[in-house]
């Protein structure tokens with residue numbers, strides 16, 4: 001059946017399910033959502049059950065929206081809406097989208113509006129479908145740009161969503177079905193993560209990373225799929241570049257399909273990708289893509305919340321679950337066919353409650369195969385607790401202070417930065433260390449702003465601290481944003497002790513190198529590693545104790561003598577350590593039949609594979625890149 | 001560089017290497033061969049070293065041929081040639097191919113001509129490039145048809161070879177290279193064998209079988225390669241239908257590339273495929289292909305001898321080695337890149353000297369990966385020796401004779417038939433059993449004829465017996481060919497004891513069922529299994545002791561009561577047993593790094609994999625169908 005006829009038949013089905021008094025003007029298919037436009041929207045705006053029940057019956061997500069012709073003029077409505085919202089909500093902005101009848105209210109305290117009664121009243125009185133969004137307590141340029149760009153590009157976005165909807169209803173090939181995973185990158189290695197999930201009917205690309213050490217991309221030249229023309233959907237587990245750093249290149253070369261990820265992942269990945277372009281530009285490296293490709297990626301991204309099940313191919317449903325690794329990081333669970341197979345890709349996970357997040361989800365409705373990371377999967381990869389790590393960090397900072405040294409901490413902008421900020425803020429607040437200024441260089445500030453915009457992704461304790469106790473540790477006056485090259489220069493040459501958190505986390509590039517170049521030869525200074533250094537990164541080389549290194553400086557190569565202290569503070573990792581991994585697998589409910597292991601150096605993958613098999617008698621595979629494992 | 005310019009540059013290179021007195025009229029590229037046409041052919045016909053030396057330098061096979069315009073009239077030349085050949089050669093036919101300047105002499109004893117001196121003289125005197133071929137001592141309709149068809153289609157063949165040559169010189173993609181094997185059929189199962197060898201530059205399909213039990217074909221719908229448009233070459237290891245039974249379908253749907261196999265494999269597979277069409281027609285089943293598709297396959301087949309290394313893709317060289325399984329069966333050894341990787345596919349192998357063949361080859365110039373069968377790979381799969389098997393067969397026949405029973409032996413036309421014929425001939429000749437007539441039904445006679453046409457593929461002892469002692473056991477008067485349905489009917493209903501060897505070997509169809517239907521309910525009769533019965537075959541069901549079975553008979557289904565004796569004579573298998581397999585691997589020189597195991601039931605594959613790993617510490621994999629294993 002062709003999609004148009006299928007849509008017509010679905011429309012008939014939806015009409016049949018609608019309450020008799022619903023005055024439907026049209027039914028549209030927008031990506032995975034069925035949008036029902038009604039003339040008497042006010043009669044249904046208060047009743048969420050109507051959409052819910054219809055969704056259950058058609059097995060698709062349903063959204064009831066006001067017919068555009070029934071909508072009052074935005075200017076008038078804005079006043080009405082503002083007057084109905086309690087001041088405590090602190091509304092910062094209201095945006096209207098006439099085509100969908102949605103009015104987005106941005107507020108400092110959306111909780112004050114997100115009350116079913118207020119929301120219903122707002123919808124009823126305004127005629128608009130009012131949605132409430134949090135305006136970040138620290139303003140984020142990224143979020144504002146992303147949302148603005150999406151409003152600006154609504155026609156293209158609408159066309160894109162219609163195309164996705166058409167692809168979702170294409171007829172499936174009957175006969176023998178299968179489910180396979182092809183490893184395109186990031187197996188028996190860390191970096192350039194990419195897996196291809198193929199069924200008889202669909203091809204899904206999970207992650208599309210870049211190797212931070214070598215800039216290697218996934219193996220796109222494989223015969224299994226042309227990533228531009230053959231892919232139904234891309235799913236991104238989290239925003240680190242080793243999971244999404246090549247994605248804009250797909251759009252550059254013509255990919256036009258959807259990208260599924262959480263909303264914070266969308267914003268963080270845009271931030272990191274744009275930063276990566278800037279870094280490459282600064283280093284006169286050829287970049288894989290441009291800012292306009294990142295914009296295309298944003299346009300094609302369909303954000304999903306944890307726990308919301310969505311059709312992403314004719315025979316594949318996706319549900320995201322918390323992975324505990326960074327903001328918005330997700331375990332991607334795929335239900336293939338009608339009960340044919342269930343497979344989850346963990347992406348990177350942390351199975352411990354951290355300063356920022358809850359531990360990774362272990363419970364799935366069904367699960368036959370799990371694809372898991374093994375960054376710290378070696379049998380000796382035990383890490384101290386978060387508490388011990390904080391103490392250790394404090395000790396090193398104190399020691400550095402006694403000699404008037406400066407402290408440089410290479411971090412990823414996203415994840416480790418925010419944890420280390422929380423720890424240092426507490427250490428200074430409790431006077432465990434002297435009151436040093438903490439400089440944040442290279443997107444850390446912006447990444448922090450994004451964290452505060454999505455509190456529903458943070459752990460309960462931090463959320464309470466920020467939003468109920470009004471004690472946002474990120475707003476502490478000890479933190480200073482490095483905003484200009486001059487300011488960086490000044491900090492570099494200032495004689496006063498300070499702490500600098502700077503990207504890149506593996507020292508493969510970024511502002512951290514500016515500080516390192518200046519401070520390396522002074523034995524009073526300290527370089528503190530708090531995150532994973534991959535095998536071929538500059539960070540790993542320096543961490544191992546090299547006394548001299550050649551670095552680019554203003555177009556020339558200079559040799560830097562390294563006399564500064566170098567220490568590693570274990571325990572801040574966003575990755576589960578060996579114990580947590582084994583515990584995570586023990587707690588999985590249900591227990592999978594097969595575990596595929598990737599995202600780890602060669603020996604860690606095979607070591608973890610053999611331990612899981614021995615301890616839990618679960619079949620394990622540690623494929624190389626470019627292999628295909630059949631699941632069903 | 002485009003192929004034409006590349007060919008021009010190769011021509012220049014060849015001219016540079018040619019002796020100064022060689023009067024070259026043209027240089028053509030025909031498949032993997034460089035054909036040099038010369039006006040003064042007589043000056044070089046006696047000197048094989050010229051071509052050999054040039055081949056070494058250009059790293060291609062070189063053939064020096066007379067320029068067509070210099071050739072004398074075939075009629076005149078035929079007389080001249082016949083007069084120069086000793087009578088002992090017993091020439092049966094001479095065929096001339098003016099375009100290549102080749103004259104094919106068919107003789108009963110080609111050895112009498114295949115003397116370097118006589119050959120040189122023939123070439124020099126006739127002006128033609130004389131090739132000598134054996135005319136089968138038992139005339140084979142298949143061979144005569146195949147050779148006739150190829151002569152008749154010489155223009156198409158020439159165009160095909162030119163196309164293959166162009167594909168061989170296409171430029172390769174530089175950069176990171178890889179070598180992978182994708183399992184398309186016949187892994188963790190017996191039947192529909194097919195593997196895809198993919199490099200960064202090429203795709204080779206190894207075997208293209210049909211499951212004899214279910215008629216299932218390999219997984220052609222995989223995304224890795226479209227078997228019609230994406231394949232550089234098909235390589236067939238041997239002629240059994242579980243290795244080549246789907247091949248003509250590729251041609252039916254448009255494949256136009258080459259097929260590489262040995263000459264006997266080409267002829268035997270045509271025989272078996274045509275027989276399969278006839279069987280399907282008889283059973284009113286829909287066949288996958290037609291006789292014209294088999295003809296296309298023959299047209300596209302480039303036969304290779306054991307030990308001759310040939311370019312089959314820009315980065316892949318193929319060498320066949322004896323596999324010991326059936327006539328022409330080959331281990332296909334692939335050398336990828338310039339020393340990048342070496343992988344051999346054993347196909348089916350026998351590592352024991354049999355009545356017919358030498359044991360499988362164990363020595364390779366290099367070998368990193370071996371793909372091996374595991375039909376009898378289970379830890380209990382030990383088989384009696386050939387000698388014990390012969391004795392056992394004699395015992396059963398004697399016992400059957402004492403009660404006047406008939407003996408029915410289901411056999412594959414190719415391989416087992418000929419061995420059982422040799423054993424029965426010896427048993428009767430030595431009077432170990434009574435002098436019963438032996439009826440051969442369903443292609444066995446024809447297959448035997450093909451065996452006698454390619455003595456260089458038989459073991460030394462049998463070759464001597466046939467060609468030096470003139471004691472061809474296949475010509476014994478005890479053997480009778482069943483040529484008509486009437487004759488079959490007569491044998492079926494005759495009261496006299498006899499032995500019938502009939503196809504198909506697993507009783508999934510073929511004349512064996514005609515005899516079985518008539519003889520099953522008489523407890524004096526015997527059904528003797530001498531070959532492997534696959535899991536879902538009718539043969540296996542009957543072997544297991546079922547007392548009643550429903551069979552098609554003249555368009556109706558009839559129920560047959562089974563009272564006849566059923567016995568299995570182990571030890572005639574063309575497959576290595578467990579001990580021979582383990583011994584084969586021990587003897588491999590060099591020892592491979594990795595062994596991939598297929599062509600066996602599920603448990604046999606995994607059992608053999610784990611034993612090889614434990615005993616020899618070689619990495620083993622027993623993939624399912626639809627998996628991809630990376631080798632380099």
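From the backbone N, Cα and C atoms, a Cβ is placed for every residue, glycine too.
The DSSP secondary structure for residue B:240 (Zn(2+) 1 binding site) is coil. Residues or ranges marked as Zn(2+) 1 binding site in TrEMBL: B:238, B:240, B:325, B:348.
Residues or ranges marked as Zn(2+) 2 binding site in TrEMBL: B:242, B:243, B:348, B:599. Counting only residues at least six positions away in the same chain, the Cβ atoms of B:237, B:238, B:240, B:243, B:323, B:325, B:326, B:329, B:373, B:375, B:574, B:575, B:599 sit under 8 Å from the Cβ of residue B:348 (Zn(2+) 1 binding site). When secondary structure is read from DSSP and collapsed to three states, residue B:348 (Zn(2+) 1 binding site) falls in the coil class.
Marked as domain 'Metallo-beta-lactamase' by TrEMBL: B:191-379.
Taken from TrEMBL, the feature domain 'Beta-Casp' covers B:417-542. In the domain 'Beta-Casp' (B:417-542), the DSSP tally of helix, strand and coil residues is 59 helix, 15 strand, 52 coil.
Under the heading region 'KHa', TrEMBL lists B:4-71.
If you look up TrEMBL, you'll see B:380-573 marked as region 'Beta-Casp'.
Confidence annotation: the region 'Metallo-beta-lactamase C-terminus' (B:574-632) carries a mean pLDDT of 96 in the model. Summarising the annotation, TrEMBL assigns region 'Metallo-beta-lactamase C-terminus' to B:574-632.
Excluding B:238, B:240, B:325, B:348, which define the Zn(2+) 1 site, the same chain contributes B:237, B:239, B:243, B:323, B:326, B:329, B:347, B:349, B:415, B:574 within 8 Å (Cβ to the Cβ centroid), listed in sequence order. Here the region 'Metallo-beta-lactamase C-terminus' (B:574-632) is broken down by DSSP into helix, strand and coil counts: 25 helix, 12 strand, 22 coil. Sequence-distant contacts of residue B:242 (Zn(2+) 2 binding site), defined as residues of its own chain at least six apart whose C-beta falls under 8 angstroms from its C-beta, comprise B:186, B:190, B:191, B:192, B:193, B:209, B:210, B:211, B:212. Secondary structure at residue B:325 (Zn(2+) 1 binding site), as computed by DSSP, is coil. Highlighted in sequence order, B:186, B:190, B:191, B:193, B:207, B:209, B:237, B:238, B:240, B:347, B:373, B:375 have their Cβ within 8 Å of the centre of the Cβ atoms of B:242, B:243, B:348, B:599, the residues recorded for Zn(2+) 2, and are not part of that set. Here the Cβ of residue B:243 (Zn(2+) 2 binding site) has 30 other Cβ atoms within 10 Å, regardless of which shown protein chain they belong to. Using DSSP to sort the residues of the region 'KHa' (B:4-71) gives these counts of helix, strand and coil: 31 helix, 19 strand, 18 coil.
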